[in-house]
Amino acid sequence: MDKIIKSIAQSGAFRAYVLDSTETVALAQEKHNTLSSSTVALGRTLIANQILAANQKGDSKITVKVIGDSSFGHIISVADTKGHVKGYIQNTGVDIKKTATGEVLVGPFMGNGHFVTIIDYGTGNPYTSTTPLITGEIGEDFAYYLTESEQTPSAIGLNVLLDENDKVKVAGGFMVQVLPEASEEEIARYEKRLQEMPAISHLLASKNHVDALLEAIYGDEPYKRLSEEPLSFQCDCSRERFEAALMTLPKADLQAMIDEDKGAEIVCQFCGTKYQFNESDLEAIINDKA
């Protein structure tokens, strides 16, 4: 089961979140049938949103949009505070690797664009923030957002490793944030440790990558685990929700669906679930509008 572990240095100087998001990203790949680069880009976005959502309280919903002007198109993710996340990528078929190493490429094909977050507190006044894409690798773009928009200097590592068949092998990440109690000496020490950390891809390849991430972040520094919470890819779409959407259409449009298509098929963008509405269903909706 996927999880996020929240922790804090015993000194109170900084906190860290580490995530295992393997099942989340694997299910997203399965639902959207994404190729290698699209899988990694979508996966990193989902993990970034899992981190953001873990920072929220109540029934907030957090939307992350990675909007580039190149190969991937838009990547959209929505998460809640209960560990659920969903998402999709416009172009599922990007499959670009380095010839020599087989490394899956993302950043060079993201293009120019923005990292957009929308936090809906349920009050009718969502908070929206937009920062430019810095590298297109998503992790660095997320870190820049946290520093610029939330005024919280953060170190971020996100990645998705694929097997020889380009299926998700492991996915996860971390966030480290300096807290107000940190002294200049402590900040310098942690910055040095983060600079010396192995690459996120190397840590994820460890047998127990969650423990490997924590060990790399804290070293010999004592720390406390604050919580361990489950994570999952879960869509909240339903037939009732799409029926309500059909109810908003003019009667003429609904009648055209009956006359021309003998019904309607609606596909959820976030999870690919198909909902069928036959002629009788559409006629009932028309009658309800009368």
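Each Cβ is built from the backbone N, Cα and C atoms, and glycine gets one as well.
For CYS235 (disulfide bond), the same-chain residues that are 6 or more apart in sequence and have a Cβ closer than 8 Å to its Cβ are LYS86, CYS268, PHE270, CYS271, THR273. If you look up Swiss-Prot, you'll see CYS235-CYS237 (among others) marked as disulfide bond, on the strength of sequence analysis.
Counting every protein chain shown, 18 other Cβ atoms lie within 10 Å of the Cβ of CYS268 (disulfide bond). Per Swiss-Prot, disulfide bond is recorded for CYS268-CYS271 (among others).
The local packing around CYS271 (disulfide bond), expressed as other Cβ atoms within 10 Å of its Cβ over all shown chains, amounts to 18. Cβ-based neighbour count (10 Å, all protein chains) for CYS237 (disulfide bond) stands at 17.
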